[in-house]
Amino acid sequence: MLNPYLLRNELHLTAKKLLKKGYKLNISKISSMEEKRKTLQIQTENLQFKHNALSNLFKENKNIKNKNELLRHQVIQSSKDLNASKIELNSLKEKIHHFSMCIPNIPSDDVPEGNTSINNKEIKYWGQKKKYDFEIQDHIELGKKFNELDWKSSAQMSGSRFVIMKGKIALLHRALSQFMLDLHTLKHGYIESYVPYLVHSEALYGTGQLPKFSDDLFHINLTDKKKYILIPTGEVPLTNLVYDQIIDEKDLPIMLTAHTPCFRSEASSYGRDTKGLIRLHQFDKVELVQIVKPEKSYEALEKLTNHAEKVLQLLNLPYRKMLLCTGDTGFAAVKTYDLEVWFPSEKKYREVSSCSNMSDFQARRIKARYRKKSEQKNFFVHTLNGSGLAIGRTLAAILENYQHSNGRIEIPKVLQKKYMQGLEFIN
(Lines of atoms letter the chains of each structure in order from A and count residues from 1; the text may use other names and numbers.)
(Lines give C-alpha, C1' and ligand atoms only; values in the text may rest on other atoms or scores of the structure.)
Protein backbone atom coordinates (compact mmCIF):
# COMPACT_ATOMS: atom_id res chain seq x y z
CA MET A 1 0.00 0.00 0.00
CA LEU A 2 1.03 3.59 -0.46
CA ASN A 3 2.64 5.68 2.25
CA PRO A 4 -0.35 7.32 4.04
CA TYR A 5 1.59 10.60 3.96
CA LEU A 6 1.02 10.80 0.19
CA LEU A 7 -2.76 10.58 0.60
CA ARG A 8 -2.82 13.09 3.46
CA ASN A 9 -0.31 15.69 2.33
CA GLU A 10 0.28 15.24 -1.44
CA LEU A 11 -3.17 14.08 -2.51
CA HIS A 12 -3.54 15.92 -5.83
CA LEU A 13 0.03 15.14 -6.96
CA THR A 14 -0.49 11.48 -6.01
CA ALA A 15 -3.77 11.38 -7.95
CA LYS A 16 -2.00 12.82 -11.01
CA LYS A 17 0.71 10.14 -10.86
CA LEU A 18 -1.82 7.34 -10.36
CA LEU A 19 -3.71 8.50 -13.43
CA LYS A 20 -0.65 7.49 -15.49
CA LYS A 21 -1.41 3.93 -14.41
CA GLY A 22 -5.01 4.27 -15.49
CA TYR A 23 -6.28 4.60 -11.92
CA LYS A 24 -8.58 7.50 -11.11
CA LEU A 25 -8.29 8.28 -7.42
CA ASN A 26 -11.55 9.36 -5.76
CA ILE A 27 -10.16 12.56 -4.24
CA SER A 28 -13.42 13.72 -2.68
CA LYS A 29 -13.96 10.36 -0.94
CA ILE A 30 -10.47 10.07 0.52
CA SER A 31 -10.49 13.77 1.52
CA SER A 32 -13.83 13.37 3.28
CA MET A 33 -12.68 10.26 5.14
CA GLU A 34 -9.39 11.88 6.16
CA GLU A 35 -11.12 15.02 7.47
CA LYS A 36 -13.51 12.89 9.47
CA ARG A 37 -10.60 10.81 10.77
CA LYS A 38 -8.78 13.92 12.00
CA THR A 39 -11.93 15.15 13.76
CA LEU A 40 -12.54 11.77 15.39
CA GLN A 41 -8.87 11.45 16.33
CA ILE A 42 -8.95 14.80 18.16
CA GLN A 43 -12.32 13.98 19.72
CA THR A 44 -11.04 10.60 20.98
CA GLU A 45 -7.87 12.14 22.40
CA ASN A 46 -9.91 14.81 24.21
CA LEU A 47 -12.30 12.20 25.60
CA GLN A 48 -9.34 10.11 26.74
CA PHE A 49 -7.88 13.14 28.52
CA LYS A 50 -11.24 13.89 30.14
CA HIS A 51 -11.72 10.28 31.23
CA ASN A 52 -8.22 10.11 32.74
CA ALA A 53 -8.79 13.38 34.63
CA LEU A 54 -12.15 12.21 36.01
CA SER A 55 -10.70 8.83 37.00
CA ASN A 56 -7.88 10.50 38.91
CA LEU A 57 -10.31 12.90 40.57
CA PHE A 58 -12.54 9.99 41.54
CA LYS A 59 -9.59 8.25 43.22
CA GLU A 60 -8.65 11.42 45.11
CA ASN A 61 -12.19 11.92 46.44
CA LYS A 62 -13.15 8.31 47.15
CA ASN A 63 -13.76 9.08 50.84
CA ILE A 64 -16.17 11.97 50.18
CA LYS A 65 -19.47 10.12 49.72
CA ASN A 66 -21.70 12.63 47.86
CA LYS A 67 -18.94 13.98 45.65
CA ASN A 68 -17.62 10.48 44.97
CA GLU A 69 -21.04 9.25 43.78
CA LEU A 70 -21.33 12.13 41.33
CA LEU A 71 -17.80 11.52 40.04
CA ARG A 72 -18.52 7.79 39.68
CA HIS A 73 -21.41 8.53 37.31
CA GLN A 74 -19.24 10.99 35.37
CA VAL A 75 -16.44 8.41 35.05
CA ILE A 76 -18.92 5.78 33.80
CA GLN A 77 -20.36 8.21 31.24
CA SER A 78 -16.93 9.39 30.09
CA SER A 79 -15.91 5.75 29.63
CA LYS A 80 -18.98 5.11 27.46
CA ASP A 81 -18.32 8.25 25.40
CA LEU A 82 -14.65 7.28 24.96
CA ASN A 83 -15.45 3.71 23.88
CA ALA A 84 -18.09 4.92 21.41
CA SER A 85 -15.61 7.38 19.89
CA LYS A 86 -12.92 4.68 19.67
CA ILE A 87 -15.31 2.29 17.91
CA GLU A 88 -16.30 4.97 15.41
CA LEU A 89 -12.65 5.93 14.81
CA ASN A 90 -11.51 2.32 14.36
CA SER A 91 -14.40 1.65 11.98
CA LEU A 92 -13.41 4.64 9.88
CA LYS A 93 -9.73 3.62 9.94
CA GLU A 94 -10.77 0.19 8.65
CA LYS A 95 -12.68 1.82 5.77
CA ILE A 96 -9.67 3.99 4.92
CA HIS A 97 -7.43 0.91 5.07
CA HIS A 98 -9.69 -1.05 2.72
CA PHE A 99 -9.85 1.94 0.35
CA SER A 100 -6.05 2.25 0.42
CA MET A 101 -5.58 -1.47 -0.32
CA CYS A 102 -7.30 -0.94 -3.68
CA ILE A 103 -4.93 1.86 -4.75
CA PRO A 104 -2.02 0.72 -6.99
CA ASN A 105 1.62 1.67 -6.58
CA ILE A 106 2.91 4.86 -8.22
CA PRO A 107 5.07 4.28 -11.33
CA SER A 108 8.68 5.43 -11.30
CA ASP A 109 9.48 8.70 -13.09
CA ASP A 110 11.63 6.89 -15.69
CA VAL A 111 8.78 4.59 -16.77
CA PRO A 112 7.40 5.59 -20.21
CA GLU A 113 3.84 6.89 -20.19
CA GLY A 114 1.21 4.93 -22.08
CA ASN A 115 -1.86 2.76 -21.76
CA THR A 116 -1.03 -0.41 -23.71
CA SER A 117 1.87 -2.65 -24.70
CA ILE A 118 2.42 -0.57 -27.84
CA ASN A 119 3.88 2.11 -25.53
CA ASN A 120 6.42 -0.27 -23.96
CA LYS A 121 10.06 0.64 -24.60
CA GLU A 122 12.52 -1.72 -26.26
CA ILE A 123 15.70 -1.84 -24.17
CA LYS A 124 17.72 -4.48 -25.99
CA TYR A 125 17.66 -7.53 -28.24
CA TRP A 126 19.83 -10.60 -27.67
CA GLY A 127 20.63 -13.58 -29.88
CA GLN A 128 20.17 -14.44 -33.53
CA LYS A 129 16.87 -15.72 -34.84
CA LYS A 130 17.47 -18.97 -36.72
CA LYS A 131 16.61 -19.20 -40.39
CA TYR A 132 14.77 -22.34 -41.43
CA ASP A 133 14.75 -23.88 -44.93
CA PHE A 134 11.74 -26.05 -44.08
CA GLU A 135 8.19 -25.49 -42.86
CA ILE A 136 8.43 -25.12 -39.11
CA GLN A 137 5.88 -26.47 -36.64
CA ASP A 138 4.62 -24.85 -33.47
CA HIS A 139 5.17 -26.46 -30.06
CA ILE A 140 1.63 -27.86 -30.05
CA GLU A 141 2.19 -29.81 -33.29
CA LEU A 142 5.64 -30.94 -32.14
CA GLY A 143 4.27 -32.19 -28.81
CA LYS A 144 1.55 -34.17 -30.57
CA LYS A 145 4.02 -35.61 -33.08
CA PHE A 146 6.17 -37.06 -30.31
CA ASN A 147 3.05 -38.03 -28.34
CA GLU A 148 4.58 -36.34 -25.30
CA LEU A 149 2.23 -33.37 -24.84
CA ASP A 150 -1.22 -34.81 -24.14
CA TRP A 151 -4.09 -32.33 -24.05
CA LYS A 152 -6.81 -34.91 -24.67
CA SER A 153 -6.18 -36.89 -21.48
CA SER A 154 -5.73 -33.76 -19.38
CA ALA A 155 -9.01 -32.35 -20.74
CA GLN A 156 -10.83 -35.56 -19.80
CA MET A 157 -9.70 -35.35 -16.17
CA SER A 158 -9.41 -31.58 -15.62
CA GLY A 159 -10.91 -29.63 -18.52
CA SER A 160 -9.21 -27.09 -20.76
CA ARG A 161 -5.94 -25.23 -20.08
CA PHE A 162 -4.15 -28.23 -18.58
CA VAL A 163 -1.51 -30.49 -20.12
CA ILE A 164 0.11 -33.84 -19.42
CA MET A 165 3.80 -34.11 -20.30
CA LYS A 166 5.39 -37.48 -20.96
CA GLY A 167 8.74 -39.05 -21.73
CA LYS A 168 11.57 -36.85 -22.92
CA ILE A 169 9.50 -33.64 -22.87
CA ALA A 170 8.62 -34.31 -19.21
CA LEU A 171 12.34 -34.90 -18.60
CA LEU A 172 13.15 -31.61 -20.35
CA HIS A 173 10.60 -29.81 -18.16
CA ARG A 174 12.27 -31.21 -15.02
CA ALA A 175 15.74 -30.49 -16.40
CA LEU A 176 14.89 -26.83 -16.97
CA SER A 177 13.76 -26.32 -13.38
CA GLN A 178 16.90 -27.98 -12.00
CA PHE A 179 19.13 -25.99 -14.35
CA MET A 180 17.48 -22.70 -13.36
CA LEU A 181 17.70 -23.44 -9.62
CA ASP A 182 21.36 -24.47 -9.89
CA LEU A 183 22.20 -21.30 -11.81
CA HIS A 184 20.43 -18.99 -9.36
CA THR A 185 21.72 -20.68 -6.20
CA LEU A 186 25.28 -21.58 -7.24
CA LYS A 187 26.10 -18.61 -9.50
CA HIS A 188 23.77 -15.78 -8.45
CA GLY A 189 23.66 -16.30 -4.68
CA TYR A 190 19.97 -17.03 -4.06
CA ILE A 191 18.81 -19.25 -1.20
CA GLU A 192 16.48 -22.02 -2.35
CA SER A 193 13.22 -22.49 -0.46
CA TYR A 194 10.46 -25.07 -0.53
CA VAL A 195 7.22 -23.23 0.20
CA PRO A 196 3.47 -23.93 0.64
CA TYR A 197 1.30 -23.92 -2.46
CA LEU A 198 -1.82 -23.22 -0.38
CA VAL A 199 -1.93 -19.91 1.51
CA HIS A 200 -4.41 -17.82 3.46
CA SER A 201 -5.90 -14.72 1.85
CA GLU A 202 -3.78 -12.48 4.11
CA ALA A 203 -0.65 -13.59 2.23
CA LEU A 204 -2.17 -12.44 -1.08
CA TYR A 205 -3.32 -9.14 0.42
CA GLY A 206 0.30 -8.72 1.48
CA THR A 207 1.72 -9.09 -2.02
CA GLY A 208 -1.10 -7.19 -3.74
CA GLN A 209 -3.02 -9.88 -5.64
CA LEU A 210 -5.97 -9.20 -3.34
CA PRO A 211 -8.41 -7.58 -3.29
CA LYS A 212 -8.21 -6.64 -7.00
CA PHE A 213 -7.45 -9.98 -8.66
CA SER A 214 -9.66 -12.36 -6.68
CA ASP A 215 -11.37 -13.70 -9.83
CA ASP A 216 -8.02 -14.83 -11.24
CA LEU A 217 -7.33 -17.06 -8.23
CA PHE A 218 -8.39 -20.58 -7.28
CA HIS A 219 -10.16 -20.52 -3.90
CA ILE A 220 -10.50 -23.64 -1.73
CA ASN A 221 -13.18 -23.26 0.96
CA LEU A 222 -13.12 -26.37 3.15
CA THR A 223 -15.24 -24.78 5.89
CA ASP A 224 -16.28 -21.24 6.83
CA LYS A 225 -13.14 -20.97 8.97
CA LYS A 226 -10.74 -23.09 6.91
CA LYS A 227 -10.10 -21.38 3.60
CA TYR A 228 -7.09 -21.47 1.30
CA ILE A 229 -6.00 -20.04 -2.04
CA LEU A 230 -3.67 -21.78 -4.49
CA ILE A 231 -0.64 -19.58 -5.14
CA PRO A 232 -0.64 -17.76 -8.52
CA THR A 233 3.14 -17.27 -8.26
CA GLY A 234 6.03 -18.21 -5.96
CA GLU A 235 6.32 -14.49 -5.22
CA VAL A 236 3.50 -14.85 -2.67
CA PRO A 237 5.05 -17.34 -0.21
CA LEU A 238 8.62 -16.13 -0.76
CA THR A 239 7.81 -12.47 -0.04
CA ASN A 240 5.70 -13.43 2.97
CA LEU A 241 8.74 -15.12 4.53
CA VAL A 242 9.59 -11.67 5.94
CA TYR A 243 6.04 -10.97 7.15
CA ASP A 244 6.05 -8.78 10.29
CA GLN A 245 9.82 -9.05 10.63
CA ILE A 246 12.42 -6.50 11.66
CA ILE A 247 15.58 -7.47 9.77
CA ASP A 248 19.06 -6.47 10.85
CA GLU A 249 20.60 -4.10 8.29
CA LYS A 250 23.66 -6.33 7.93
CA ASP A 251 21.45 -9.23 6.78
CA LEU A 252 20.28 -7.36 3.68
CA PRO A 253 19.92 -8.10 0.84
CA ILE A 254 17.95 -11.33 1.22
CA MET A 255 17.79 -13.27 -2.06
CA LEU A 256 15.32 -16.15 -2.31
CA THR A 257 14.31 -18.59 -5.03
CA ALA A 258 11.81 -21.42 -5.34
CA HIS A 259 10.43 -23.77 -7.97
CA THR A 260 6.65 -23.94 -7.58
CA PRO A 261 3.56 -24.79 -9.54
CA CYS A 262 1.40 -21.72 -10.13
CA PHE A 263 -2.38 -21.72 -10.40
CA ARG A 264 -4.41 -19.09 -12.24
CA SER A 265 -8.03 -19.13 -13.36
CA GLU A 266 -7.16 -16.72 -16.20
CA ALA A 267 -10.62 -15.18 -15.87
CA SER A 268 -9.30 -11.84 -17.13
CA SER A 269 -7.80 -13.44 -20.26
CA TYR A 270 -10.84 -15.39 -21.43
CA GLY A 271 -10.48 -16.51 -25.06
CA ARG A 272 -6.75 -15.71 -25.31
CA ASP A 273 -4.12 -18.41 -25.96
CA THR A 274 -6.56 -21.25 -25.33
CA LYS A 275 -4.19 -23.83 -26.87
CA GLY A 276 -0.64 -24.80 -26.04
CA LEU A 277 1.64 -24.07 -23.09
CA ILE A 278 1.35 -20.28 -23.11
CA ARG A 279 -1.61 -19.74 -20.77
CA LEU A 280 -2.44 -22.69 -18.50
CA HIS A 281 -4.40 -22.96 -15.26
CA GLN A 282 -1.42 -24.84 -13.79
CA PHE A 283 2.17 -24.16 -14.77
CA ASP A 284 5.61 -24.24 -13.15
CA LYS A 285 7.94 -21.35 -12.54
CA VAL A 286 11.23 -20.63 -10.83
CA GLU A 287 10.71 -17.41 -8.89
CA LEU A 288 13.31 -14.87 -7.75
CA VAL A 289 12.65 -12.54 -4.80
CA GLN A 290 14.94 -9.93 -3.27
CA ILE A 291 14.50 -7.99 -0.02
CA VAL A 292 16.74 -4.91 -0.06
CA LYS A 293 17.40 -1.50 1.45
CA PRO A 294 15.38 1.29 -0.23
CA GLU A 295 18.37 3.02 -1.80
CA LYS A 296 19.43 -0.26 -3.45
CA SER A 297 16.15 -1.33 -5.06
CA TYR A 298 16.65 0.10 -8.56
CA GLU A 299 20.16 -1.34 -8.74
CA ALA A 300 18.73 -4.65 -7.49
CA LEU A 301 16.12 -4.63 -10.27
CA GLU A 302 18.85 -4.47 -12.91
CA LYS A 303 20.72 -7.35 -11.25
CA LEU A 304 17.63 -9.50 -10.82
CA THR A 305 16.66 -8.96 -14.46
CA ASN A 306 20.20 -9.87 -15.54
CA HIS A 307 19.89 -13.11 -13.54
CA ALA A 308 16.73 -14.03 -15.46
CA GLU A 309 18.37 -13.03 -18.76
CA LYS A 310 21.31 -15.35 -18.05
CA VAL A 311 18.97 -18.35 -18.26
CA LEU A 312 17.90 -17.37 -21.78
CA GLN A 313 21.48 -16.64 -22.82
CA LEU A 314 22.78 -20.02 -21.63
CA LEU A 315 19.89 -21.73 -23.42
CA ASN A 316 20.78 -19.64 -26.50
CA LEU A 317 17.20 -18.45 -26.99
CA PRO A 318 16.71 -15.11 -28.82
CA TYR A 319 14.86 -12.60 -26.67
CA ARG A 320 14.19 -8.94 -26.13
CA LYS A 321 14.05 -6.85 -22.96
CA MET A 322 11.14 -4.42 -22.66
CA LEU A 323 10.53 -1.63 -20.15
CA LEU A 324 6.79 -1.61 -19.52
CA CYS A 325 4.85 1.63 -19.83
CA THR A 326 2.84 3.05 -16.92
CA GLY A 327 -0.45 1.49 -18.03
CA ASP A 328 1.13 -1.94 -18.50
CA THR A 329 3.05 -1.92 -15.20
CA GLY A 330 1.50 -4.20 -12.60
CA PHE A 331 -0.67 -3.13 -9.66
CA ALA A 332 2.07 -3.36 -7.00
CA ALA A 333 5.09 -2.40 -9.14
CA VAL A 334 6.87 0.92 -9.68
CA LYS A 335 8.97 -0.41 -12.57
CA THR A 336 8.91 -3.63 -14.60
CA TYR A 337 11.04 -5.25 -17.27
CA ASP A 338 9.55 -8.03 -19.39
CA LEU A 339 11.80 -10.59 -21.06
CA GLU A 340 10.18 -11.89 -24.23
CA VAL A 341 11.49 -14.98 -26.01
CA TRP A 342 11.21 -15.50 -29.78
CA PHE A 343 8.59 -17.96 -31.07
CA PRO A 344 9.37 -18.65 -34.76
CA SER A 345 6.01 -20.30 -35.50
CA GLU A 346 4.22 -17.05 -34.63
CA LYS A 347 7.03 -14.74 -35.72
CA LYS A 348 6.61 -12.85 -32.45
CA TYR A 349 8.11 -12.47 -29.00
CA ARG A 350 6.31 -13.92 -25.97
CA GLU A 351 6.79 -12.95 -22.32
CA VAL A 352 8.73 -15.54 -20.36
CA SER A 353 9.71 -13.38 -17.38
CA SER A 354 8.47 -10.25 -15.67
CA CYS A 355 10.90 -8.56 -13.24
CA SER A 356 9.59 -5.83 -10.96
CA ASN A 357 10.59 -3.36 -8.26
CA MET A 358 7.72 -3.05 -5.75
CA SER A 359 9.46 -0.36 -3.64
CA ASP A 360 7.93 -0.35 -0.11
CA PHE A 361 4.41 -1.15 -1.39
CA GLN A 362 4.38 -4.81 -0.32
CA ALA A 363 6.56 -4.16 2.72
CA ARG A 364 3.94 -1.79 4.19
CA ARG A 365 1.26 -4.45 3.72
CA ILE A 366 3.28 -7.23 5.35
CA LYS A 367 5.03 -4.94 7.87
CA ALA A 368 8.52 -5.96 6.71
CA ARG A 369 11.12 -3.60 8.15
CA TYR A 370 14.83 -3.37 8.81
CA ARG A 371 16.75 -1.74 11.64
CA LYS A 372 19.22 0.92 10.56
CA LYS A 373 22.17 0.62 12.91
CA SER A 374 23.34 4.24 12.55
CA GLU A 375 19.95 5.65 13.57
CA GLN A 376 18.53 2.81 15.70
CA LYS A 377 15.26 3.17 13.80
CA ASN A 378 13.11 0.81 11.77
CA PHE A 379 12.43 1.46 8.08
CA PHE A 380 10.40 -0.41 5.49
CA VAL A 381 12.42 -2.64 3.17
CA HIS A 382 11.92 -2.69 -0.60
CA THR A 383 10.85 -5.93 -2.31
CA LEU A 384 11.53 -7.17 -5.83
CA ASN A 385 10.50 -10.26 -7.74
CA GLY A 386 10.80 -11.86 -11.14
CA SER A 387 10.42 -15.12 -13.01
CA GLY A 388 13.65 -16.93 -13.53
CA LEU A 389 11.91 -18.35 -15.67
CA ALA A 390 8.41 -19.62 -16.50
CA ILE A 391 9.28 -23.25 -17.27
CA GLY A 392 6.46 -24.23 -19.64
CA ARG A 393 6.93 -21.22 -21.90
CA THR A 394 10.70 -21.74 -21.91
CA LEU A 395 10.16 -25.37 -22.89
CA ALA A 396 7.80 -24.34 -25.70
CA ALA A 397 10.42 -21.86 -26.98
CA ILE A 398 13.08 -24.60 -26.99
CA LEU A 399 10.83 -26.98 -28.95
CA GLU A 400 10.25 -24.35 -31.62
CA ASN A 401 13.70 -22.78 -31.84
CA TYR A 402 15.62 -26.08 -31.74
CA GLN A 403 13.59 -28.08 -34.28
CA HIS A 404 15.44 -29.66 -37.24
CA SER A 405 14.28 -30.48 -40.75
CA ASN A 406 14.45 -34.23 -39.97
CA GLY A 407 11.85 -33.73 -37.25
CA ARG A 408 14.20 -34.01 -34.30
CA ILE A 409 14.44 -31.46 -31.47
CA GLU A 410 17.96 -30.61 -30.39
CA ILE A 411 18.57 -30.29 -26.66
CA PRO A 412 20.39 -27.06 -25.65
CA LYS A 413 24.01 -27.99 -24.95
CA VAL A 414 23.96 -26.61 -21.41
CA LEU A 415 21.31 -29.21 -20.49
CA GLN A 416 22.52 -32.31 -22.33
CA LYS A 417 25.06 -33.96 -20.06
CA LYS A 418 24.13 -32.81 -16.57
CA TYR A 419 20.35 -32.50 -16.77
CA MET A 420 19.13 -34.60 -19.74
CA GLN A 421 20.90 -37.91 -19.03
CA GLY A 422 23.25 -37.33 -21.96
CA LEU A 423 20.47 -36.93 -24.53
CA GLU A 424 21.27 -34.66 -27.46
CA PHE A 425 17.95 -34.90 -29.30
CA ILE A 426 14.28 -35.61 -28.78
CA ASN A 427 13.37 -38.05 -31.55
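Keep in mind that glycine also has a Cβ here, set from the backbone N, Cα and C atoms.
Positions annotated as L-serine binding site by Swiss-Prot: T233, G234, E235, E287, S387. Taken from Swiss-Prot, the feature ATP binding site covers R264, S265, E266, E351, V352, S353, S354.
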Separation of alpha carbons, S265 (ATP binding site) and E287 (L-serine binding site) (Å): 19
For the binding-site residues S265, S353, the one whose C-beta sees the most other C-beta atoms within 10 angstroms: S353
CB-centroid shell, 8 A cutoff, L-serine site T233, G234, E235, E287, S387, site residues removed: V236, L238, A258, T260, C262, K285, V286, L288, V289, N385, G386
Local backbone state of E235 (L-serine binding site), from DSSP in three classes: helix
Integer Å distance between the CA atoms belonging to S387 (L-serine binding site) and S353 (ATP binding site): 5
Nonlocal neighbours by CB distance (under 8 Å) for V352 (ATP binding site), same chain, sequence gap 6 or more: L312, Y319, L339, E340, V341, S387, L389, A390, R393, T394, A397
Cβ neighbour count (within 10 Å, all chains shown) around S387 (L-serine binding site): 26
Pairwise CA distance, E266 (ATP binding site) versus E235 (L-serine binding site), rounded so that it is a whole Å: 18
Spatial neighbour of E235 (L-serine binding site) that is closest, considering only the binding-site residues R264, S265, S354 and their CA atoms: S354
Spatial neighbours of G234 (L-serine binding site) that are distant in sequence (at least 6 apart) but have CB under 8 A: V195, A258, H259, T260, C262, K285, V286, E287, V289
Binding residues R264, S265, E266, E351, V352, S353, S354 (ATP) - maximum C-alpha distance in whole Å: 19
